[in-house]
Amino acid sequence: MFGPVPCRLPGGIKTCILRPVACVFTSSSRMAKSKFEYVRNFETDDTCLKNCYIVVRLDGRNFHKFAEQHNFMKPNDDRALGLMTCSARSVMEDLDDIIISYGQSDEFSFVFKRTSNWFKRRASKLMTHVASQFSSSYVFYWRDYFRDQPLLYPPGFDGRVVLYPTNRNLRDYLSWRQADCHVNNLYNTVFWTLVQKGGLTTTQAEDRLKGTLAADKNEILFSEFDINYNKEPLVHRKGTTLIWEKLEETVTKSVKLPNEAGEEVLVTRTRRRVGAHHCDVIGNQFWEEHPNILEDDNC
């Protein structure tokens, strides 16, 4: 019960009235159940289908302009590729349900395991978190890779979410992205070689390559510039694949038993880290060497 009670105040004892705190302050839970709450009914249910791999792919927004204004080297800038990989690694370390990532040029794909329940499998949550973590990491680590080139304006990345129900579907998706890497890099390598070493303008180089096949492009590189495309760096030809790897470390630990002097012993422990590979993911060898990436289709 609340009511008048005597209170000792300066000047003597006076009567005070105590009231419940709830009458003075309104709880946040009570505020949430307001007449405006109906607007939540307009939200779309974007929960991803269960038992499917969730792929979030990011692409650089208007990166041709971004690369020009930040003086990226042609046809490949290893600083830019390294920064993309660093940003992707940051995403994987933040969301450890990502089992594999693949990137090339200005794009990166992140594959969440079938059983992932991050953000209750909401596509919008997954996509925006990956995009924001990647973009902020790209800006944060910029100076580690572009020491002499200031960042003139923040980059942007758009994203999309695609579901793949089987291992075959997922492998075909990654094969598609790596095939795209090969096609684009072969063209760009020949194109910029014709410009930088062959003295052609960009328009002339484009006309020269119209209608050419992969064999024609390889022949131009080898016969005219003594360049064997197959000996170009793997990171340019194959892209970058990030996976979780187990790393064993041996550390020294102090152990003290009761009534005995302490002693130093060697302890081996295992931890996970994100490793980068520049290899073929279209064939079977990579998947046979890393059988734990894919989940059983029969589960």
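For all residues, glycine too, the Cβ spot is worked out from N, Cα and C.
Features of the protein shown, as given by TrEMBL:
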BINDING   ASP59, GLY60, ASP106  Mg(2+) 1 binding site
BINDING   ASP59, ASP106  Mg(2+) 2 binding site
BINDING   ASP59, GLY60, ARG61, ASN62, PHE63, HIS64, SER105, ASP106  GTP binding site
DOMAIN    36-165  domain 'tRNAHis guanylyltransferase catalytic'
DOMAIN    168-282  domain 'Thg1 C-terminal'
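Shown on the structure are the features that TrEMBL records.
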| residue | record | Cβ contacts under 8 Å, 6 or more apart |
| --- | --- | --- |
| ASP59 | Mg(2+) 1 binding site | ASP106, GLU107, PHE157, ASP158, GLY159 |
| GLY60 | Mg(2+) 1 binding site | PHE66, SER105, ASP106, GLU107, PRO155, GLY156, PHE157 |
| ARG61 | GTP binding site | PRO155, GLY156, PHE157, ASP158 |
| ASN62 | GTP binding site | GLY156 |
| PHE63 | GTP binding site | ASP106, PRO155 |
| HIS64 | GTP binding site | none |
If you take the centroid of the Cβ atoms of ASP59, GLY60, ARG61, ASN62, PHE63, HIS64, SER105, ASP106, the listed GTP site, which other residues of that chain have their Cβ within 8 Å of it? PHE66, ALA67, GLU107, PHE157
Around the Cβ of ASP106 (Mg(2+) 1 binding site), other Cβ atoms found within 10 Å total 20
Taking the Cβ of SER105 (GTP binding site) as the centre, how many other Cβ atoms fall within a 10 Å radius? 20
Tally of helix, strand and coil residues over the domain 'tRNAHis guanylyltransferase catalytic' (36-165) according to DSSP? 57 helix, 31 strand, 42 coil
DSSP-derived helix, strand and coil totals, residue by residue, for the domain 'Thg1 C-terminal' (168-282): 57 helix, 31 strand, 27 coil
